Amino acid sequence: MPQLNVYSTVVGEEKMSVRKRLSKFSNHAEEEDEHQRDCAEESQEAPSNGRVDLKQLISKKIQLTAEAEELKPFFMKEVGSHFDDFVTNLIERSTSLDNGGCALTSFSVFEGDNNHRAKDLRAPPEHGKIFVIRRSVLDELLEVDHIRTIYHMFIALLILFILSTLAVDYIDEGRLVLEFNLMSYAFGKLSVAMWTWFTMFLCTLIVPYFLFQRWARGYHRTSHPLVYSFIHCFLFVVFQIGVLGLGPLYVVLAYTLPPASRFIVILEQIRFIMKAHSFVRENVPRVLNSAEKKSSTVPVPTVNQYLYFLFAPTLIYRDNYPRTPTVRWGYVTMQFAQVFGCLFYVYYIFERLCTPLFRNIKQEPFSARVLILCIFNSILPGVLILLLIFFAFLHCWLNAFAEMLRFGDRMFYKDWWNSTSYSNYYRTWNVVVHDWLYYYAYKDFLWFFTKRLRAAAMLAVFAVSAVVHEYALAVCLNFFYPVLFVLFMFFGMAFNFLVNDSRKRPIWNVLMWTSLFAGNGVLLCFYSQEWYARQHCPLKNPTFLDYIRPRSWTCRYVF
């Protein structure tokens, strides 16, 4: 409660500060109105001085406009800095009080004159993430005309990409036909990917739930709880590695699925593994507490609760989530339409910006000159693809499923574009995955070892994330080229410690974006070069070393 009083006091002081400025502005405006009325009366009595009064009136209006413009950025800065944090803090505070009076671990609104942003609030580790009803950031921002104009600019650019493709095809080949050969190739054998997904879904729905239910109901009665728990834990690990791990991987390699179909299978494989782990991780402590208290009831979730979790846009299991009252089917349709729009957008970026760049590389060996030119030419398409992937998946796709399921908490990301540090960027870019890593990797590492090994825990989280990202790319592209792993594990981790939360000046946001642009250019350049090198320089009988040895370093492109 003292913290809440401090919070209220700070809010009150900020409101008084703005209110004083507005009051001063209002009083000045009233004085101007009185002066205008006096001028009007004087002008009626002395029409010969009308020109002088008019000049004075214009001068006063200019002065008033200047003061309004001076007040406007101050007001917008205060609103932008405090309003969202105040509302979020208030909601999370009230939610924590509703959950049995559980107080949050920290509550700090201001740390200095230049720090106007509240720290992210988290519940204690034993209580985990708190879900509340809230909208996605872009849904709120797109209601502002200035932000929506940027959205319209991206639509206009897509139209220009389509017209450019039509014009080039007409000039070069004399036809006006939109062909999608690249897209049809990327999503080839989609039926195989779909039945693989359905098999993974059924296995994830049945096996983890059955193993947990059997363990939970027998744990109270067994005379050897450790052995009984070890057997079920071993079976669960076998399922995670053998069925969900090796099974989809075998299908992808045996059926030689194209890249996009592989991405569907591999990303869903990773999602189901994380979902199953979260379900078991959240419910095992409840069973242990029930056994310790010798309760007669066993806290086993229902099948419907687990089924809802498998489709819910979160990786943190709860028996119940905050729900919205209705489903807006028009909103769902719009989100899926935007997903397909982004898909075609990425296709045209590859078609107009990427394919000509890498297909027309001169017949010269790999060198620093070729690499530098490739990286800088890849920055623009790389950044566009990054933004489109973010918008299509983290905003449109997740919001569509959240709306259909009436899932209330839509904070799938935060304002990562305003980050002045990489530590904040990693926390806000993908909140869904970050929450899983925070609670089940970082927090569990500290719980299992010691809270003093925070740097080691952070290193472990970076390693897990880097390995999983590289695994997905290696399988989907059918070659191992650990560029992402190096950038993520070494440069990303170094930036996380060097460019930390203490960096608040705008220049750090510029540096963050610059490095982000360059990093995406490096990724697109290296992986695209390697892809085309393996297409143009195939090996008849490749060995395992040929899959992990870069082909672009030795291949000379032959057309």
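The backbone N, Cα and C atoms fix where each Cβ goes, and this holds for glycine too.
Keep in mind that TrEMBL annotations are predicted by a computer and have not been checked by a curator.
Copied from TrEMBL, the annotated features are:
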REGION    26-48  region 'Disordered'
TRANSMEM  150-171  transmembrane segment
TRANSMEM  191-212  transmembrane segment
TRANSMEM  233-257  transmembrane segment
TRANSMEM  329-350  transmembrane segment
TRANSMEM  370-398  transmembrane segment
TRANSMEM  453-473  transmembrane segment
ACT_SITE  His469  active site
TRANSMEM  479-498  transmembrane segment
TRANSMEM  510-529  transmembrane segment
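Within the same chain, residues 154, 158, 161-162, 165, 180, 182-183, 381, 384-385, 388-389, 391-393, 395-397, 399-400, 403-404 sit at least 6 positions outside the transmembrane segment (329-350) and bring their C-beta atoms closer than 8 Å to a C-beta of that stretch. With a cut-off of 8 Å between Cβ atoms, the residues of this chain six or more beyond the transmembrane segment (453-473) that come close are 263, 266-267, 270, 437, 441-442, 445-446, 480-482, 484-485, 488-489, 492-493, 496, 527. Non-local neighbours of the transmembrane segment (479-498) in the same chain are 422-423, 426, 458-459, 462-463, 465-467, 469-470, 473, 515, 519, 522-523, 526-527, 530-531, 534, 547-548, 550-551; each lies 6+ residues outside the stretch with a CB under 8 Å from one of its CB atoms. Remote same-chain partners of the transmembrane segment (370-398), defined as residues 6 or more beyond its termini with a Cβ less than 8 Å from a stretch Cβ, comprise 136, 138, 313, 335-336, 338-339, 342-343, 345-346, 349-350, 353-354, 357-358, 361, 364, 410, 412-413, 429-430, 432, 516-518, 520-525, 528-529.
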